[in-house]
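According to Swiss-Prot, the feature active site, proton donor/acceptor maps to 460, 665, an assignment based on similarity to another entry. Marked as Ca(2+) binding site by Swiss-Prot: 99, 101, 103, 105, 110. What Swiss-Prot records for 286, 293, 294, 330, 339, 340, 341, 406, 455, 458 is substrate binding site, and it gives similarity to another entry as the kind of evidence.
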């Protein structure tokens, strides 16, 4: 960008927006002192100077700026307009006038006049200009909150920040603010907050961290932190060597954070070597632990935004987890030690490697990541209990005992109460006895086995999985494993000269198929076998889509899910199957705002006794959109991919414009007006902010910047003007017909 002009030669010419860096991130924008002095106004004799204007307000004790009649600026001027603003009085005026429902946001649901007059910098505050409409006023609210946060009492604000193209604004916020707001690292700088657990229901909740035996340097590091800062009450524990369901259950009395990867650095203050946590991105602002498949989706957005360092760091954290905990965990808390999440490590690794392959250490990064993925494949997904030996397909089927510990026992009171009465015990007595095997209830065992499987699937919750999840060979999981097999085969063949040695410390000892020397042929054969099994058990020719297969009943299920498109993402479908899905499945699953999680018919009727589930109709989720777009593009269905991406991006942008910059975890893709409103369990993450959103939601942020790579330039311009897809396509068709008619 061009630096700010000096007070000499450049004063008289028209200045572009870029020359004033008006789209700088908030920290730069509001902490650059020179920006907020009014160099641009020429001398005037009949007006306030900037300082005297503000001082006069203070002398008069005014909380609102005095209004001057007949001194409005023209609506158009040759250069970008700027405003002289007193932050606190303007913020109070704005909120009292426009935030009529008092939720510290300005939305289309507020019924204020939707106009506020601001003093212009070009007139030294003498003239005013009206800011109109929900979008500009809500942007003003957000900018004032940010200015206040950075300690500014008065600012010169560029109008361009208020009427910025919403696609550009949201993209900029994601890149400059949201990723930063969602980035965490686990070390002394953050352990007090990160190690505290809102799901710690014990009598003495305190920060606690578990260190694997293979990382003694981390145990030494955190022990020193605990000794140096006794006020933290930090409990540093070694993790047991062998992790079993019984050990995990007993650890629930002392739940804690699990250590992730650290790097050796030199402390700039002392000059001594120390450890620093490798950073990672969390799903939402209230989280502090590393999550599983959220991290993959986030990495796609990070790579678009050139945050390769963060995406690489997250891969390294995953490798640490596989090496020391045996798997990529649902999240890095002790009660998740038996549970994984949908596996995406090979694709994540290869995307990062493609960005860094010319850097020193890139090949070693790829080697370590491949070792981790191979170990995870053997020890988690193709071993008991997740492998179904009959079909050769895999299931979400984590080990575990008793009631899932991250939920309050009361969450399952309707399930457990009858059993407590049956055994003539109090609720708490029964839960303890059942969890510790003192009472045997096979029906409850099955219920919680399926409940754990739903949570491992990442699709918690949905009627697709209720009461059967652990028995299902799903199209989503088996597509991901097919992708592992083809990725590993290709990488061994093309990068490691078709011989890949596995050292003893990376060998999966619980699976006889694991080898010390891996070749591409071994993995090619696995991929072919899995494709044959997927075609036999999961593909439905008549329906033109994939369904889950119940390994207990030996029958194909009939729930129509957007995960059918994961097969396109993984490359498991043949061209005929891909075309059938576009013809038959896509019309059933496409809605106003993109892809539905499932069809209305598959969900069934809902009511008081059968409430909405968040992974069912009418909700849409970022991962389903991303994988479908990528898969459709892979098979040449570019127009369909662009259409779905446009609808999703339009819905997010419209909610962002109408509802004070909101970006949430999931959307009701059937609602044109307020799709961020979700009436299902768990509510919606990303709604609860005051004034300005700081984080958005991880995988939705990623879907936005990734989706903008899918749509074409014409579509992006139309999104910036909030043009609905049908209106856009009608205009495109009219232009096309006009162009055809003009051809000779």
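Yeah, the Cβs are placed from backbone N, Cα and C, and that goes for glycine too.
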Candidate recorded positions 294, 341, 665, pick with smallest Cα gap to residue 103 (Ca(2+) binding site): 665
Residues near residue 99 (Ca(2+) binding site) in space but at least six apart in sequence (CB under 8 A): 105, 106, 110, 112, 141
Rounded inter-Cα distance in Å - residue 341 (substrate binding site), residue 460 (active site, proton donor/acceptor): 11
Cβ contacts of residue 665 (active site, proton donor/acceptor) (under 8 Å, same chain, 6 or more positions away): 283, 284, 684, 685, 686, 697, 700
Cα-to-Cα gap, residue 460 (active site, proton donor/acceptor) vs residue 339 (substrate binding site), nearest whole Å: 13
Rounded distance in angstrom between the Cα atoms of residue 455 (substrate binding site) and residue 101 (Ca(2+) binding site): 37
Cβ-centroid neighbours of Ca(2+) site 99, 101, 103, 105, 110, 8 Å, sequence order: 98, 100, 102, 104, 106, 107, 109, 660
Cα separation, residue 286 (substrate binding site) to residue 101 (Ca(2+) binding site) (Å, whole number): 25
Of 110, 294 (the binding-site residues), the residue whose Cβ has the fewest other Cβ atoms within 10 Å: 110
Residue, out of the binding-site residues 286, 455, whose Cβ gathers the largest set of other Cβ atoms within 10 Å: 455
Candidates 103, 341: member of the binding-site residues with the richest Cβ shell (10 Å): 341
Taking residues 286, 293, 294, 330, 339, 340, 341, 406, 455, 458, which bind substrate in the record, the widest Cα spacing (Å, whole number): 21
